[in-house]
Ligand SMILES: Nc1ncnc2c1ncn2[C@@H]1O[C@H](COP(=O)(O)OP(=O)(O)O)[C@@H](O)[C@H]1O
Ligand SMILES: CC(=O)N[C@@H](CCC(=O)OP(=O)(O)O)C(=O)O
């Protein structure tokens, strides 16, 4: 993917992804953590998913969905529901909670000033699922430099204006890479990566590849660790997968643990 590189190397930037699995249970105390980071001068960008909300809306419309490699196969009828749920419901509810916690926030999605220009990931397999082609970093910088937190729904826009469903973890990692974030935090409903009943406090790319191969990492954890690997390979020093108490796994590059 192409990015417009930020020139502000001294500013600390953090991308936080809030998983649909945990979104509805987050309280004010949780959001106050982010207020504290912001008060330390850290620029925040929040992205979110909404898998459970999408599941509810699809069920109400009597539509069954399937996932392949942790990604929802999204047909034409489903993309309408995914788009309206994420942009129309989940995003404003989160923006409201953040503003109520004293964090000035604006809701965005891939269409806004072409924030996430996207292409089909693999139409044969996934239908209306996207991959990120470019991120409008200038828009994000303009907001974060004014102390405003962009809150981004994981809907991409094709060049000709079609909405594509992109996994929230993928959007988070692509945005972290594009803005040159120092940290990516993926907040979910589990205290990090669990292998044979043990939660891991630390992991490396090699261990993660082995765990995927052996089937110890599956489903919704796959896009998270793939996003993490993508970030580590491109120089972001650490990615954390945590629950709402911020307990979980820190993934570090091989060099850093040696
Ligand atoms: N090794 C693993 N460790 C922890 N969770 C895992 C693992 N492999 C798969 N999972 C599943 O991944 C889920 C988190 O992904 P997902 O449901 O997509 O969350 P989110 O909505 O936060 O993106 C966990 O609840 C768990 O069921
Ligand atoms: C392509 C794809 O899988 N898109 C996701 C987008 C929402 C998401 O990522 O939600 P979570 O954060 O709850 O996982 C989906 O349709 O569920």
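Backbone N, Cα and C atoms are what each Cβ position is placed from, and that goes for glycine too.
Feature annotations, reproduced from TrEMBL:
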type: DOMAIN; residues: 13-243; note: domain 'Aspartate/glutamate/uridylate kinase'
type: SITE; residues: 17; note: site 'Transition state stabilizer'
type: BINDING; residues: 50, 51, 72, 165; note: substrate binding site
type: SITE; residues: 224; note: site 'Transition state stabilizer'
List those of the recorded positions 17, 50, 72, 165 whose Cβ lies under 6 Å from any atom of ligand 1, in sequence order, or write none if there are none. none
Which chain neighbours of the substrate site, leaving out 50, 51, 72, 165, have a Cβ atom within 8 Å of the mean position of the site's Cβ atoms? 20, 49, 54, 74, 82, 86, 154, 167, 168
Fewest other Cβ atoms within 10 Å: which of the recorded positions 17, 72, 224 wins that one? Let me know. 72
In whole Å, how far does the CA atom of residue 51 (substrate binding site) lie from that of residue 224 (site 'Transition state stabilizer')? 14
I want to check the contact list for residue 165 (substrate binding site): same chain, sequence separation of six or more, C-beta distance under 8 angstroms. What comes out? 72, 74, 78, 79, 82, 83, 128, 129, 130, 154, 155, 156
Neighbouring CB atoms within 10 angstroms of the CB of residue 51 (substrate binding site), all protein chains considered, total 21
The predicted model's mean pLDDT over the domain 'Aspartate/glutamate/uridylate kinase' (13-243) is 96
